[in-house]
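Shown next, in structure tokens, is the structure this report addresses.
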């Protein structure tokens, strides 16, 4: 059915396509095209596209995933014929000038990208020279209202096409008015943008420095739509291109000032002045203020255009053409004469006229300084063809009166209709604004139309009977849409550059401006209750108020709620009145906020920033207490201290141990001093080293923090002796307070209540006697203890002597003091402490109390202030007692007086004084606003604050939770490790030293962070603490975060029923399970795995049998993304710490729960404490354990799957080990990013279970290709592949399944450039499931396999059949059968439906009727070669979800590499429907696609269509980074890889014992020549993933560096990360410890930054991308080891240079060196190549007959031996038994020490010790073998 589309707007077309089918839409466009005729029949069209071009455009458009959302979807457009549009010739209205562009101009490309369809090229004044539209040999285009009147020039044809409604949009160009005059003469909108906003790349220039592409449209909406599409910077291709400002002017004020000319020459015209006058009146009615000015400066500027050297620009654009002496019949004489006048100008004239222009512009600026807009007649006349013929130059000149100056003055213009004359002809006016006012001009035009054409009475083009609807003139403005956002004014810490600005960034806010409020406001600084000062904005009367400076932002509505949630009390969101009278959302302050004590009125400063500046100035006036201070500590306290030092502008000095070399405190400090040691004793406790560091750095003071030397009297005294201030109490005070018996004496003197106890006790016997007198229970304490060490409770006398000796030992070991005393134990005691400060001269002040009762093993867990349930009288007494004690001692600096509080009796007793800053000091700071570290520094400098006038007010409540690296499900054992993901809530205070990439050492305290919140009261603080804990994420080591969440949300904590021992009986229920036996190879996987990184060399991992995995998840009701466990051959044993539901699917094994058999493939309820055992698999190779909710492991690159070889994903990037504790997903937590269960648990019907072979015979369907017969394999070889059975090799795993079977019969003698063996190919990207012939041996590439390689693949196991590959065992037999793509999809879709529904009968399996009778030709389509730059293209089937696209012949060609890059970019630009990933090889690209979104056939059609979209010449260039990397040539680690290969895999080979010698020998060069090549070559990266994780396949750019060579055969099983190899012409850098085959020559830094720690890898973990370049520079092995360590910690500055690879220059260089290059290439061929081939052939024959291969030697133990594994990571301290000793089950075998904790590894059974594996000092990981018992 035909559709009348004439007069349709862009939106009409879009609406039509939205309701139509693609076929009907296409046919409608085709009908429109066929209805048009080109010149001479229709002079508006120079050419029209053909049907093939239209079909091609439509096919490309349909391939785009987002086509329906495109702003110009399916909208036909016309293009002026001086603008390149691929598929149509460009003539510039000169037949002799005609050429066929190879690419679209930038503007046309942008419009096509936005969905537009170009239907033809329009007529113009030749070479865009003229304003009349008559200067073209293709005919004279009339205006759409009269065949006697001109359409205007030079864009006459474009205006006609829109004016007649053929297309809604057409492109013109505008140098001097050609985008505006035709609009006026055809009743259209003519948008002439700010110069440079639209690219002119691909436009035949008229006057290049002034040219603009313009838009003709029927309505404002279409004009704006095009403007937003086309206004994109194109800096690389257009010298005059520039970006639109991010916040362009959107509208003029209501009373916009519009200037009109004082005098308007009309040249005898009488009707047009009336229309102009009417337009001016309408603008007045619309609110404009009209002023009359002298336009002479602008008119003088206009005269420059044709009087000055700008005419020479027209000549510059065409001089080469005119030099060819084109036929005069093709030239317009007027145009030619104008252009040739340029010959009279010389270079000096250019400068003279430019000086003249600049002088005029100065006058113009003065004239327009108070003007917003100019309004002029678009053109004075409506000329007839006869009038133009009579006076062609004069009429043209008059028409340009009001247009010529606009581009010279760098202004924007919009021509709009003004109505009709009595003769029915239209006219218009032009609105002209300053640059970048384009949006504002459109909005002003809209205002004008509403007055000039009320109720939508405006018509468009020739359609005087149709009206423009208000919808079609609707404007959206810039993409910052008010409809989708909230305007928010900020007044305080959210201002740019202040601490909370990040919150605006987080919610994607856009800065709009910096207005002030109206005069009705006051601004206050509220009392500081934390690190950030808060403002309070209050509305008052104008008589007392002022204007306050604001910043206004646009916040997306969907993010506004998130922003509000971060607003702290007493602030809220209300509204504020701006100086303009507009009301916007803003911060307001509750009344109690600005009335509370401590609030400061800061209105006089006019704004918050100025007040902050004032505070900084005041701070600067205060004398710094010290110039340099050394922090004698590490971890979070060192980081926290440095913050204060920075605030006070004091230089900070950090000291660090070897493990802390890259710690945060070292990074933050101004100076760092290495202490050269690992243990605390060797470093942070070494007084001499600390003192030396202070003296070497001229530190005036040392601040010790807490722990280590903070309460060491000797250290304090030593500082004084050395003339260094110790920031803390005197050594004498530390001694008195540190020895608890003397502390009690002091307390007693100070009148502080004491708990009954003893003095120092010297023996266990004496301790026993005293304990009996005190009555049990008693506390045994080390007089020097702290931090929970040297402190134990004793309940009966049979324990007292043992405990006494233990505490005595701990005191001596940790604190160097064995003194011990006893104290009565107070039942249900609370721990309440007072923060005290002393000035050292007898004055002391109690700042507040803290309740620290929540302790585990005397280690504080959660602290809070004020202490709850504490009477004010008691609180006051405690403070007084603390002050009394401090005064008595003349205490100096911070100290904490700790009390035991008996809540029942409301009594407190002295516990001890911590003569240092406490861990929990931040909560006191939060409620007081003080900086206690600053107080300490000032006191230490004898500049103590005035305690009496301090007036400290406690505001609100604060809570701190300590985050420890310890395992709460394993008795809180230390849990060191590498942190792979760390996220803390940004709104809370978090004192920490860790971040992603931090290695938590076993050497020190396990504290990772302190999470601190502040609330208006305790309930509010508890709520915030729970929120903070729920948002906290730490992965890499087990932490107590789940334990903290449990406590903080408990009723016990809410009701403050706390006591120091309450956590001993707290029933913590971890949502976790524990591995008590790991099984053979047990990992965490998810489905579909790590998708989208195959091109980088990151395998998807995921389950090997995805169907069974998904089934297990579905049985328990999990979301499909839920991680579950894959087990191989032998399953694990698991202890559940929580109730849940499980299911086991896949291979068949003996499964039991609490030793009772359970069924597979059914949901099973498990309870807390249940033991699950999965035994050896009797059928199949792998089984799957799903747990309801899924397993909580971090997401890495979009997946939680384990890639153990790459140490990523899953649980710490590895297989599960004994003792691992894995937490389950808790979707209710804010920190959880994993969906919760999606279904109820349900058992599937039996026929949905996978049919796993129990007779070791398998039939597996495969698709043929990508490589087949006759080009790679002989036909009989392919037949044999399907007729024979293949045996599964013993060396099969997740990396690949090796097969044993008939040797292939090759159809070629070698791989050509790809390699010597016929299986070799230039590196390309394999399909997952590909059967890859590595030489003559096939391997099925599986979940953890490599992506990029150089071996052919005969067939691919499709996705639906891959589950079988996951279940085959070594020794099983496989019969491969060919199936079609359609069958493969059918099987896949049935599996998906079965999993989704669990409906009986949904699963379809491979049956004989689905098998093809014979193999298929994998070549789907082949396109012939068109040119050297458009080579042959072969599309190969590569499975049911991949197509391999190969270019050209079997040779490496950089033009092909670039073509592949262009195809990848094209797919990315179009977001092509269904394409998942594009993976680049040397001469090919593997395309992965989603069969649900696009079929194989449809994708082929799209790809074929794309080929004609790719156009370039040999002079292409591409962005390229040049990386300069350090290389240690033949370092020991590189040579170790070779030696290991020789010892374990192949003892003799041509490349052994030295790879470099081999390369040198076969190339007839020296060892040194190879080394020199590596340091002089530059390598170009062609692909990634060779082998794994971004490892590059790179080629030397200098052909003389491309050596003969061969890869290892067989390949290595181990290559060290960072090793560099060369294989023939290619270079590779191994990105992980992995297999490999390149010849090894040296080692560089790691190029895979897993955690993205380095500055060079912030976007992604891989270093290189295709077309990057690599150079090496020499370093020693020692230097490289240091660089590698820096790199692994994100501190190595990689040398990288942003560059462009210029192929033109490269070819020039090749030609300059062609003789030596040719000579080298000849030397590589002939006899040398033949000899090399013979050498490799002989070596391979020797390999086949050799039986001397060695296997790695493993120590063997008797069958009844029991392996004992460590459950902990730490340092092996000492064995408790020796080999030969007899032990019983439970006896201790060895001791592992970590984080101040000694952990015993017990015997699992009774027997004789065969071996203790480690020696003292060894580092032991959890799961490592430590002992063997028989």
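We number each residue from 1, going along the chain as drawn.
Each residue, glycine too, has its Cβ placed from N, Cα and C.
Cβ-based neighbour count (10 Å, all protein chains) for residue 740 (ATP binding site) stands at 26. For 115, 116, 117, 118, 119, 120, 121, 122, 740, 823, 858, the entry in Swiss-Prot reads ATP binding site.
Summarising the annotation, Swiss-Prot assigns domain 'Biotin carboxylation' to 625-1068.
The domain 'ATP-grasp' feature in Swiss-Prot is assigned to 744-941; the stated evidence is sequence analysis.
Taken from Swiss-Prot, the feature domain 'Biotinyl-binding' covers 1752-1830, and the record attributes it to sequence analysis.
Annotated N6-biotinyllysine per Swiss-Prot: 1796, in sequence order, evidence recorded as similarity to another entry.
Secondary structure of the domain 'Biotinyl-binding' (1752-1830) per DSSP, as helix, strand and coil residue counts: 0 helix, 38 strand, 41 coil. Secondary structure at residue 115 (ATP binding site), as computed by DSSP, is coil. In the three-state DSSP scheme, residue 858 (ATP binding site) falls into the coil class.
Confidence over the domain 'Biotinyl-binding' (1752-1830), given as mean pLDDT on the 0 to 100 scale, stands at 80. Around residue 858 (ATP binding site), the C-beta neighbours below 8 angstroms that are at least 6 residues distant in the chain are 788, 791, 1060.
Contacts of residue 121 (ATP binding site) defined by a Cβ separation under 8 A and a same-chain sequence distance of 6+ are given as 45, 46, 47, 48, 78, 79, 80, 81, 83, 85, 88, 89, 90, 91, in order along the sequence. Sequence-distant neighbours of residue 119 (ATP binding site): residues of the same chain at least 6 apart with a C-beta under 8 Å from its C-beta are 29, 32, 33, 36, 48, 49, 54, 76, 77, 78, 167. Scoring each of the binding-site residues (115, 117) by how many neighbouring Cβ atoms lie within 10 Å, the top position goes to 117. Secondary structure at residue 740 (ATP binding site), taken from DSSP and collapsed to helix, strand or coil, is helix. Largest Cα to Cα distance within the recorded ATP binders 115, 116, 117, 118, 119, 120, 121, 122, 740, 823, 858: about 101 Å as a whole number.
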